[in-house]
Every structure is written in C-alpha cells, then in structure tokens.
Amino acid sequence: MAKPYEFNWQKEVPSFLQEGAVFDRYEEESFVFEPNCLFKVDEFGFFLTWRSEGKEGQVLECSLINSIRSGAIPKDPKILAALEAVGKSENDLEGRIVCVCSGTDLVNISFTYMVAENPEVTKQWVEGLRSIIHNFRANNVSPMTCLKKHWMKLAFMTNTNGKIPVRSITRTFASGKTEKVIFQALKELGLPSGKNDEIEPTAFSYEKFYELTQKICPRTDIEDLFKKINGDKTDYLTVDQLVSFLNEHQRDPRLNEILFPFYDAKRAMQIIEMYEPDEDLKKKGLISSDGFCRYLMSDENAPVFLDRLELYQEMDHPLAHYFISSSHNTYLTGRQFGGKSSVEMYRQVLLAGCRCVELDCWDGKGEDQEPIITHGKAMCTDILFKDVIQAIKETAFVTSEYPVILSFENHCSKYQQYKMSKYCEDLFGDLLLKQALESHPLEPGRALPSPNDLKRKILIKNKRLKPEVEKKQLEALRSMMEAGESASPANILEDDNEEEIESADQEEEAHPEFKFGNELSADDLGHKEAVANSVKKGLVTVEDEQAWMASYKYVGATTNIHPYLSTMINYAQPVKFQGFHVAEERNIHYNMSSFNESVGLGYLKTHAIEFVNYNKRQMSRIYPKGGRVDSSNYMPQIFWNAGCQMVSLNYQTPDLAMQLNQGKFEYNGSCGYLLKPDFMRRPDRTFDPFSETPVDGVIAATCSVQVISGQFLSDKKIGTYVEVDMYGLPTDTIRKEFRTRMVMNNGLNPVYNEESFVFRKVILPDLAVLRIAVYDDNNKLIGQRILPLDGLQAGYRHISLRNEGNKPLSLPTIFCNIVLKTYVPDGFGDIVDALSDPKKFLSITEKRADQMRAMGIETSDIADVPSDTSKNDKKGKANTAKANVTPQSSSELRPTTTAALASGVEAKKGIELIPQVRIEDLKQMKAYLKHLKKQQKELNSLKKKHAKEHSTMQKLHCTQVDKIVAQYDKEKSTHEKILEKAMKKKGGSNCLEMKKETEIKIQTLTSDHKSKVKEIVAQHTKEWSEMINTHSAEEQEIRDLHLSQQCELLKKLLINAHEQQTQQLKLSHDRESKEMRAHQAKISMENSKAISQDKSIKNKAERERRVRELNSSNTKKFLEERKRLAMKQSKEMDQLKKVQLEHLEFLEKQNEQAKEMQQMVKLEAEMDRRPATVV
C-alpha cells in the first residue's frame, strides 16, 4: 500500500512567543515609534504580529525574516527622545533591544527594533525567534495551508475595534471580481456584507473563509476533472475510481513498485477519511468534488517529493564531488562600478544557504590602517574587513552546518595581511580550519575531505607560499619576535623581495575583469565615495560610467603573502590554470583555479570532457565577466553541466540565473551542497556535457506539462499568461517556446486549459530543472517556480509561486497536470508497453489465439514469431536479406568428420552464397586434367623405352643362349659323326672303346654345356633383374614426382579457389555495405520528411530540435548498424578463412596419405620382387 509522506514542516513555537510580550517598537529609517506593542507569534510560526492600543493589528511573515539580532543603541536623537519619554533612558537600553531583519530579497532589507522591559525578555525572545525562522520546509506548504495562512493574516490584521474589515477581504479577491459578487457571497454565508462592515474574528472561521473562496473563485477546472473521472454520472467518486485515478495519474510509472507501492482500496479510504467533509459520503466510502479538491490542494499532492527538502544526500564524498552555492563580489548591493558595499550582504547571503563568499581585501588608508573590502578602484564604497569577519562568524552556520569557503582576493600589504590573519584567528577561533586534517594530508593524489569532515569549519582560499619559503619566513618571524625587537611581527617581512608562491606560473587572478585603459589618478580615487553616491542617486550618466570603465585598470592580487596568513591556507589553494593535462599530471586535489565565464565557456567549447574530468578531482570557480557592470548574471546551468563546483553569481541581482541557483539549492535541506550525479564523480565514466544521446546508465525521460489554471495570481484586473521552460544539458534546454494564451482581465482564477507542453526527450533528468513563470499583459513577472526534474512528482499538482527573489508568495498557484515517463524512441512504444505490462500484452495475444481457435485453427499450427515493429516493409526485407548473411557459431562451422571435409566445405548460413570447393571439383579442373595427361604421357614414354630395352635384352639373351645351344649341338653332332664314321669304317665291335670315349666326351660336353648354360642364365637373370629393378625405380620415381606435382597443383588450385572465394565475399560485403548506406540515407530522408509534414509539431524550434535529435539518433543508430555489419562481415571473413585453412590442412593430410600409400605399394613390390629372366 502507498504510504503518505508525513511532511513535518512546523517548528515548535515556544509558549512565551504565543502568549506574547509587550515591547516598544521603532524603525530608524522612516522614524516610526510605537510604544507598548503586544508582540506574538502564532502557533504555526507563520507570523510575528503586534498591536498597540488604538491601532490596527500588524503582521510580519516569518518567512520574510532573515535574522534576529541583539540590537545596538539607536543613534537617532528622535528615537532616543521617544524612548526617554516612555521611561527608557539611553543607559537602560543596553541588552534590551531585539532587531528583526526582514525583506523580500537580499538587498532591500528592513529593520524593526523591539525594546523589551528587561534584558532577560530580550534574550528569551532573540533565542525564541531564531528557533522558528529559516523554516525552509514551510516555504513548500500546500495551497490549503496557504489559504489557512492567509485567513490567519486577515484575522490578525484587525482594525482599531479588533474586528476584520470587509474591505480587507475584498482586497483578497479584487482581481476579476466586482465587489457586489463578494458582498453577495458574504451574505450567503451569513456574514456582514456591507462595504464598511466589520466581521467578528470569532465568526470568521477558516471553514467560512474556505467556503467564501469557493464561491468567489469556484474550481471549475477540478470539477471538470472530477466529471472526467466518474464519467459525469454521479456527484462522487467510488474507491475503485479513486484508486484508478491515483495509480494512472498521480503516480510516476518509473518508480520502483516496492519502494513506491501502488495505491489500493485501503489507502484510498484513508484519503477519503482525511479529506471528505461529508460524513455520510465518508461512511459509504465515497468522495465528493469538494473532498477531491481538498485532497488535490493538500501536502499529499506537492509538486516535488518533499523528502528532497530534507538533508537526503550522502555528505561523505570529497568536496570536489559537490555543487557548492557560491557568491561573487558578495559585498556589493548593486552595480559593479560606483556600487555600495555592505556588511549586511554577507549575513544575508550566508543565511540564504551560500557556502562560498568573496572578500576583495585592500589596504585601508586611515590612520588605524584597517584592511577594507571594496571593489578595487571601481568607485565602490568601503567596508571594514573585521566587520565582515564578525558578520560571517555570526551567520556562517545558522542555516547550514557545512563548511564555508572565504575566497580572498588579496591586495593588501604584509602588514595588513597580518591583521587580517589575526582577525580570522581571533574572531573565528575553532571555526577556522588552520591546518589540514590528519586523515587528509596535503599530498598529491589524496582526495579532498568531505563536507561532513569539515562541518562547522571555515576555509580560506588564498595563494600560499612555497613550503620552503613559508618555513623560512616563519622562522625569521619567530626569531625576531623572540629577540624582542621593536619591529612588529606584521611588517618585519615587509621589505623582503616578493617571494614566488607555489611557482611562478601558478599565479592566479581571481578577477581579471578589466585590464585595459590607464590607471586612475590619486585624485580620482580620492573622490571614489562621492562618485559612488552620485551613481546611487542617479546623478551619473551612462556615458560617465563607460568613461570610468574605459579608464579602469585591474590590479592583480598580490603574490607577496604574509607567512602567517599562508599557514592558514589548506584545501583551497588557487593556482594559475595551465591546462587540463598539466593538472592531471600533477594530480593535486587541493589546487583549484578560477575562470571568468568567457574563459570557462572557451574551455567548455574546446575541452568539455576534460573539464568534467578535472572537476571530478579538484575544484573550479566560475565568476561573471567584467562587462557585467550592472551585476547581471550568466547562465549557471552550462557550468553545472560540466561539474564546476563554485558557480559564483551576483546574489544582489534576482534575475533568472539566481532563480535557477536558489531553486536548485533549495534541495538537500538548503545546506548549500548538492552531490553531483554519479557519472560526474566516477573516474571510470566519461561524460560529454554536449551529448545529444542518452548517457550510459541514465534513463532518459519524457516530461509534459499541461497548464490548466491559475489561482490568486494578482490582486489587479490584468491579463496573464504562463511560460514553461526547461534548463539542463544544451540538448535538454527548451526556453521561450512554450507559453499559454493570454487570459485577459482576470488575475484571480484564469483558466488556460492549454494542450500539454511536451519535453519529449530529456536525456539527463538529474541535471534538468523546470521553470514555470507567470507574466502579466506588460510582460512583467508575477511569480515563478524552479522545480528540479529529479524530484518532480507526476499528476495534477498545484505549484505555489515565488517572487523573483525566490521568496514564497502567499496565495498564487498554478494548477498543472505533469506527466513523467521513460523516454521511448518512435516506433518502440508497443515493445515497451509489452515489457511494462506483460499481462496485458499476453491477454491480447491469448485473446487472438482464442479467436483463431474459434475458426478451427489449432494452437499447434501457430508459429512463434518475433515481434516486428517496423513500419517499412522494405526495411523488413532489408533486414531479412541481412539475416541471410548472419554467421552461425563457430561450433556449427567446424567439420567433425573426414567425410564431411572430403565432400567439400559445408554450407554456412553466413557464407552460403559463396561457391563451395570440393577436392573432386579441383580434380576436374582443366589445369589439373591437362597436367594428368602430361604426366601420363611421360609415364607412357618411359614404359615404351623400358619395353624397348626389355626386347633388346631379351633378343640378346636369346641369341647368346641359342649360340651356346647351337655350339653344344654342333660339338655333340661332331663327336657322334666321328663315332658313326668310325663304326662304319671299322665296324661296331671294333669301336667299342671309341664309342665309350665318345660317350665320355659327349657327357663331358653336356656337362660343360650345362655349366655354360647355367652361367649364362645366371648372368642373364642378373642383367634382367637389374634392368627390371632399374625400370621399376625409374617408374616409381616418376610416379612419386607426379604425385608430388599433383599435390602441389591441387594445393595451388585450392588456394586460387580460396582467393576467389575471399574476393567474392569482399564483393558481397561491399555490395551489402552500399545497400545499407543507401537504405539508411533513404530512412533519414523519409524520417526528415515525416517530421516536416507532422502537423502536431507546432513551432519551428521544436521541428528543428526534432530534426536535430533525429539526425543525432540516426547517426548513432546508423553507426551502430554499420559497426554491427562490419563485425558480422569480419566474423564471416574469419569463418571463411578458418574453413579454408581447415580445408587446406585436410588436402595436405590427403596428400600425405596418398604419398604414404604409394610408399607402401613400393615396399610391397620390392618385397615381392624375385630374380627373373626371359630365357
């Protein structure tokens, strides 16, 4: 259940203040003396009231009271005489005067003095009044509380008869209503209604006053909203209707549902119980339009999260991580030339929450040689340095306990610097931080202490001597003081040559504002105060002022620092800025630099990111350029965007810049410190303050403001209109574009009912502020309000207005409807809706599925498809085409089997359009076949040669064998013929011996023949075998050579094929990139055309902003698309190379296997080889 935030804006008012006490009252400036006044404070602490016998009741709003002091004895003789007349002599006044300081801004201050009967009452009232003022929370009370406050004011401002004049009431409603209407309304309420009538305060209750406001100023706008919620069917809202309204309109949809639960019936009933005046409706759980109106005007519907007004931020980060409320030339009450200096300004500025004030210190010229504060030689009046230090001591920690930085611009001699040091030491005491904290030594790389570390401490920002120089001069000072020499410790070093501070290149000019013209003469300077008075009285012309400006020459701050003052400088040591790179290398966090607005803008223009990084580490101070002699202010937002801590402004000028400053620093308990966003503090984050695209980690927002109506805007019958601006990053800043129509002759309750002013894309809500301002028909500001976007509440809200000095106006409010959403780019609304409400999205899809089932379509027949929000069919086709070349994972590309590789590269989704390469295809290539043919020819030629050699050797061997056989046959035949012839001649019986010899010879011949045959066969076998072996070796050699050539050729062909694949893929990628660029150009043109034709865009500035935003968005989107395409293409190329490498490795493996197989065949052949012959 959503819990109500308990806004405890009241401070406890002591009983003695409520009971009152009698004082004599006087004002010195206008000589007003009023004795025996009964002063009181109401129970809420709204008013300090007083009344004396025979006079009308008077009130002073406590919100306008700046300080309560013990008053000094008046110097005006008339006042003293008046007090003497009532029995209070001058001698009796010591310690009996209460000074009440009040004003609607920081410059126009009024002083009311109250003289008590005794010092005890004075002390009691000073403490009591101090305890109830500076109630910043009370500046944010609801419109209902403001009405009650106004009613109380009317009741206090009674006439001499102690009654409320009807005329006082008519003045409240003077604008837009005739007195007759008011008189009639009073009459209907049973109250006196004549023009000169009086009303008893007891009869004029708050409920009567509220009813009167509703009669005279009816809230028709809320009535219309009420009817819209209930459909104009009833006079009440039910609990369900109220819950629905609260969740749909009054709750920021971006909020966490656990930390900020939705409203439920129980919470709605609590609201009805609290705000519904009709008891019967309350019992029935219903709320009327009156109860609804009361609820909308209550604290529960504040325009900001009220806890942001408390101290809610962490205060333990280094000082450099905070924005610090800072003042420039704090002492001035007006212009920079001839202006008046005032000690009071220091009080007012510090009480307003400022934490850095400036003191321009110069040598006093009087006999007492007292240091003074003035604007150099710019014809401004002087104030005493010691008075300023006293004022700072009294007010530094009244409204905030966090550290105050005194920015010295030191032009004083060493003598007067010593006096300055002693004043700071003696008056501030323990408040002055004279030495660095032990936990945060002054060392490079060491972070600055936090605001919590420096609570109730005053730091001095001034140049510091080099450590060795400071030590040397301090020792000399100490030795001379111990020696008891007559020389004063303040001036013993006065004649020393000026020593360099930290280094010669580190001199810093706090105000290099005017560096032209000749220095003024001593005579001119002698008339400075007279000139200042002339300027104040308007006797000096603009030409005179311009002449003085032209002759003015800025005198830089001294570098001849007194060592005693130097020792008091620690965490705010100014140095001359030498560049961001130098500062980063030095890494000295306690060094800081000052930039006038022009120089600061120059660095922002050229080194924005470096400036942000610099401000993460050390502090920077920005101050107005010298040309702002009218004390106008620059726009601080641009420097907050860069993380500059001390964006110093002229507090005396309540212009737009100061309004932004005061509105921003109202958060975090008005303590003067605001923690910078995370990305502006972390060294690992990069932030460009000129970015036009959302920052990483930061969700952009859409903010729309519908201005519905205004209430009590003016007591005059005038026309009014409302402007709504936003300030933030340059891309978030929209000003002078959104304004309502003019509603004439009605300052009381104008109804604007404008269409919503939409700030469509706020990329950095943390730095953005909303400004709502009301102007009259003469373009004069009536009231304004600054609302930081990071604490803005959504819904129908009443926005109470402030004056130009940020003081709350009593009754004026603007009724608005504020809508806050997460920024959703065009075309993504459906997706975001589905994500934010998946149940609703699912219910729609389920309903459609049910409808399809009713038509006979089964759920299983419905495919799950991705959501497509594209409005461009061609874009969809392009996306489909791009999807065809999306690479798969590496696991899908990796071949898992030899067979898969042997069959070629598998089809890959990303590279499937590239022709596949298979080894079989390589072997069918013409070059390979031609090479095979050539190799076969070589092999055939060798075989033919071998066959010829075979034939030749075979013939030779056969001839040799035939010759041996023939010789054997011949010799055998010869022996047989001799035997035969002998047997014929001698007879068979006589030739036995011869026959026996012949047989022996034949046997011997046969044996010899066999031996010869055996020898020749062995020789032939050897020769034939050697020839066969030689032929086999030659054939094997040429086969090996051919195989190697085949492998090399296949590898070469594969590499060529790979190169062609790569080239084809490159061409495909080039074509793809070209198509994408053309498609992107087309989208950009179509989008620009759509914006130019969009009739809902009503002004040129918004159209240009949309085009600029579109171009920025498209640029980022297109670059991302191109980056993704390049990554995809790179991945495809890598995948292709990987597959090609795997294929090449496979081919080499296959080649090795072929060679191994051939070697095995060779070995088998050798093992099977036997001696052979052809015979």
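Just so you know, glycine gets a Cβ as well, placed from its N, Cα and C.
Database features (Swiss-Prot):
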type	residues	note
DOMAIN	313-463	domain 'PI-PLC X-box'
ACT_SITE	H328	active site
ACT_SITE	H375	active site
COMPBIAS	493-508	compositional bias 'Acidic residues'
DOMAIN	684-809	domain 'C2'
COMPBIAS	881-895	compositional bias 'Polar residues'
MOD_RES	T886	phosphothreonine
COMPBIAS	1085-1094	compositional bias 'Polar residues'
COMPBIAS	1095-1109	compositional bias 'Basic and acidic residues'
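Non-local contacts of H328 (active site) by the CB criterion (under 8 A, 6+ apart in sequence, same chain) comprise E358, Y623, P624, S648, L649, N650, Y651. Across the domain 'C2' (684-809), DSSP helix (H, G, I), strand (E, B) and coil residues number 6 helix, 60 strand, 60 coil. According to DSSP, H328 (active site) sits in a coil region rather than a helix or strand.
Under a cutoff of 8 A between CB atoms, and with a sequence separation of 6+ in the same chain, the neighbours of H375 (active site) are N329, Y331, L332, Q336, F337, G339, S341, D360.
DSSP states for the compositional bias 'Basic and acidic residues' (1095-1109), grouped as helix (H, G, I), strand (E, B) and coil, give 10 helix, 0 strand, 5 coil.
Residue counts for the compositional bias 'Polar residues' (1085-1094) under DSSP, helix first, then strand, then coil, are 8 helix, 0 strand, 2 coil.
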